[in-house]
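Single-structure report; data block below.
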Amino acid sequence: MSSTNSASAVLTRWALRRPVTVCMLFFSMLVLGMLATRLLPLEKFPGVDIPQIMIQVPYPDASPAEVERLITRPLEEALAGMSGIVEMRSFSRENGTDIVLDFRWDENINARNIEVREQIDSVRHLLPADVERVFVFQFSTDDMPVFQLRISSEIDLQYAWDLLERTLKRPMERVAGVSRVELYGVDKRDIVIRLRRDEMAALNVDPALLRQRLQQANFTLTAGYLDDGQQRILVNPVGQFESLDDIRALQLTPQLRLSDVADVDYELPRRRDGRHFNQSYAIGMNVYKESTANLVDVSARALEVVEAARQHPEFANIDLMLMDDTAASVKSSLNDLLWAGLLGALLSIIVLYAYLRHAITTLIVVVSVPVAIFLTLAAMYLLGYSLNILSMMGLMLAVGMLVDNAVVVTESIQQEGDAERGISKVALAVIAGTLTTAIVFLPTVFGAKIEITVLLEHVAVAICISLLASLLVSQTLIPLLISRLPSRLMQEKPRKARVKAFYLSTLRWSQRHPRVTSLAMLLVLLASLFPFSQTSSDQADVAYNDRLILNYHLNGQYRLDEIRQEVARMEAYLYENKEAFEIDHVYSYFATSHAFSMLLLNPERSQSVAEIQNRVRENWPLLVRSEPQFGWQSSNQGVRVTLTGASTSTLQTLADELIPLLAAIEGLTDVRSEAESTQQELQIRLQASQLHRLGLTSQEVAAILSTALRGDQLRSFRHDPSGELRIRLTYDRELETSLSAIRELVVHQYQGQPITLQQVADIELQPRLTDIRRVNRETAVRIGANLNEMTMQEASVALTEVLEQVHLPDGYRWSLDGGFRNFEETSSVMQVNMLLALCLIYLVMAALFESLLLPNAVIGSLLLAMAGVFWGLWITSTSLDMMVMIGMLILMGVVVNNGIVLVDRINQLYPELALEDAIIAAADQRVRPIMMTVSTTVLGLLPLALGTTQIGGDGPPYAPMAIAIISGLLFSTFTSLYFVPHAYHRLLVWRAHWINVVRYSASPMRARASAKG
């Protein structure tokens, strides 16, 4: 072993012989690291492509059934043949369809995007002719807006498009680093041609011919080139409208102009939705950055545009409110992490000085932290990584561990009195300890890809690079600096401490009473079953969230203004109790099909999210047209039961039967079917015999109806000062609001007599769903619920128990969805990764000890670490969530370092010393560096464990992860100082015993063999 350690100290010998070269190399890397702090892109999340593609097909004013039949199903059939799809979901609504494709995380999503477009193109001819565009969206974490702006005022902002575009949108688009700006809630005006039905009928004007005439009169065309021998001239015939008067003067016949049968004017598009912010109508603006731009820099420049707009005279009565300021949350999170790191580092320095009792030696050990951090930043820049909340989390977790190698090396050098000899005693153990800490992330980086592992990769990179940097520093710079100390300091022996003397005496006693020690260790492990049974597993804890979503489930079909009144009434109630509910702001969105209010809570609130929900529910107003309910902010929160089958009506019936059963489960609230809200549709069944007699076709009648209600989009108008405007052909407004007007709509002229719609069709009102949902090409209905003082695990058991007692018709089935899927997938992958990490740790230690038996002495300390985790969770009333599991994964790599250092030293002393003496001597020499490394790691994480710092400023808190690492490391350290020597001793005793048994059994066999010979 000593020869192996000597070979591992080659780098140290080189550093001691080339001090100037080493100093210059580290100085160069420090300069590069300092430059990297300015060059590294600063982001909230690393740039990650989300394995999801959404196809969006707008098809206004159509029924969900029509959209499903004409658009959704053809597209689903075309996309179904693609490989790698985990789930296909579709939502057929009255204004179009959305199809969402979820892929595996290891798929090349860019290649899949191209394939999706090819599949859509292959069936494009099967879609309705009036489908103008099919949008395909691909998502990335880079698509998050830099900030969202809410624009509100007491004055009417519906005509503010030109003002906002001129003073906000266009200047924002010119900001360096801004990729695009979205302005919504206000529209550019259209040119609308409204046909007057009475004049059209009286003058016998055919709507189809009129539309054709409008298209022919407004065009531009490249006809080709004229080559006269001297020059080549482009020929471009232009016949465009240049003013509204040009449109009004269009000749339909020699005696008839368009103005005789239609009104032409500017109009705003029909408002289909609206927004409120702080009880005032609001307009929204989202600002996005380029993928390579620095988030904070872009945000600062964009906010200058916002501030300039605030000072503009025309914005005197307009409020501009920032919402979801990503840069501010990132800066807040990074500042919190920085201060927590600095405080942790300061505490670590204090405890190091308390152990070393010498300022210069302490500074030499501490210098490994900033040097390793700067080296890490330089490496991250060269490898193309960004500085984000995940990489910062990795650096924060590594701060307490960066001095570990330096501490072990410094102690060994002081004990040996020589740098090269001191390094040779611990070099291999230090390398193995660093590898075990880094190797636990290999399954995460190279194993199964899910959301948590993809994001954890960036945490792992920061930790691994910083630990490797600290290893390099401990093998080169630290020995070099210590070798330059006066000999009296380098050879200074640590003082004998009473605590250490007590430990050694009790360790000797435990070695001489192995049965009692084994029983004590067994009792310690059995006792940990109590906190294990009391700790709940939960992935749905949203107590850290600063917002609540309040959904309005509409119980009928209403006009937009009626929905607005519902929302306004709830907002009034919330603002009356603003202080009691600890609300800062309320943002609402409403449309004719759905509405919600977002409650932005006070970050410094004294109540939990669940308590605020209950207080809001207690006295909220009884709404006439809707039922309020706290909803699910994403598919990964709340719980959902998905029913799938062939018939939507049957699924809805089953959902109605299941809802009372699920609502009876204690702990489930807001149980409701997502397809519960129904509306009405006007079904028009055309009479084929009548159409044939009149010489009409169904398509002609449908086209007239579409023009009357939806309007026809014509070629755009390009001569308006505000830019290109749409031209829309439609009928007068009465048709949009009156059923009797629809019945009397003239669809044809027959022998000089007008033929109305009711003469060729049966017209009746029928109920319909607001949308039709399908999962993997099967119709689906989902029942959602929120959890109230109930964990995800408990909800899964309770729901399964109820659902298994329900008999569903053949071809229909249920499944648990929403947060359940995320919980089960994440838990299973993390558990597998932890088992793989355990195997990798064993492989490293087996190679280090050159033994298959001795690593078991150290592996046992992992059980004690996990026991300590559950004791810590129970004492602090912390649930076993994803942050805790991340902490446990990191803990696995950290906790074995103490055992490796101890066992490696025992191996060096044994068999030169008796086994018990070798164990006591190794413990005597290694207990101080072990306690120092544990103290620095624990104190480095203590500010996170006691603080309220959250990921990104608004995500899960770091505290559960820090609590898991601290409790597991402390418990394992104090128990492993006895367990590892005890296990080492017993393993060698058992090995010797079985070797003797085998030899004894083999002796008679050899004797009989020789006698026969």
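Cβ coordinates are placed from backbone N, Cα and C, and glycine is handled just like the others.
Lifted from TrEMBL, the feature list:
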- 20-40: transmembrane segment (TRANSMEM)
- 337-356: transmembrane segment (TRANSMEM)
- 363-383: transmembrane segment (TRANSMEM)
- 422-446: transmembrane segment (TRANSMEM)
- 458-482: transmembrane segment (TRANSMEM)
- 830-849: transmembrane segment (TRANSMEM)
- 856-876: transmembrane segment (TRANSMEM)
- 882-903: transmembrane segment (TRANSMEM)
- 930-952: transmembrane segment (TRANSMEM)
- 958-980: transmembrane segment (TRANSMEM)
Proximity of the transmembrane segment (958-980) to the transmembrane segment (882-903), 3+ C-beta pairs under 8 angstroms: yes
Closest-packing stretch to the transmembrane segment (20-40), where packing means Cβ pairs under 8 Å, from 337-356, 363-383, 422-446, 458-482, 930-952: 363-383
Sequence-remote partners of the transmembrane segment (930-952) [C-beta within less than 8 Å, at least six residues beyond its ends]: 44-45, 329-330, 333, 336-337, 339-341, 343-345, 347-348, 351-352, 355, 389-390, 393, 396-397, 399-401, 403-404, 407-408, 411, 544, 894, 897-898, 901-902, 958-959, 961-963, 965-966, 969-970, 973, 977
Result, the transmembrane segment (363-383) in contact with the transmembrane segment (458-482) (3+ CB pairs under 8 Å): yes
Non-local residues, at least 6 beyond the ends, that sit with Cβ under 8 Å of the transmembrane segment (856-876): 524-525, 527-528, 530-532, 534-535, 838, 841-842, 845, 884, 887-888, 891-892, 895-896, 898-900, 903, 960, 963-964, 966-972, 975-976, 979-980, 983-984, 987
Segment proximity, the transmembrane segment (882-903) to the transmembrane segment (422-446), 3 or more C-beta pairs under 8 Å: yes
Recorded stretches the transmembrane segment (363-383) and the transmembrane segment (337-356) touching, at least 3 CB pairs under 8 Å: yes
Long-range environment of the transmembrane segment (830-849) - Cβ separation under 8 angstroms, sequence gap at least 6: 428-429, 432, 435-436, 439-444, 447-448, 452-453, 855, 858-859, 862, 882, 885, 888-889, 892-893, 896, 900, 903-904, 907
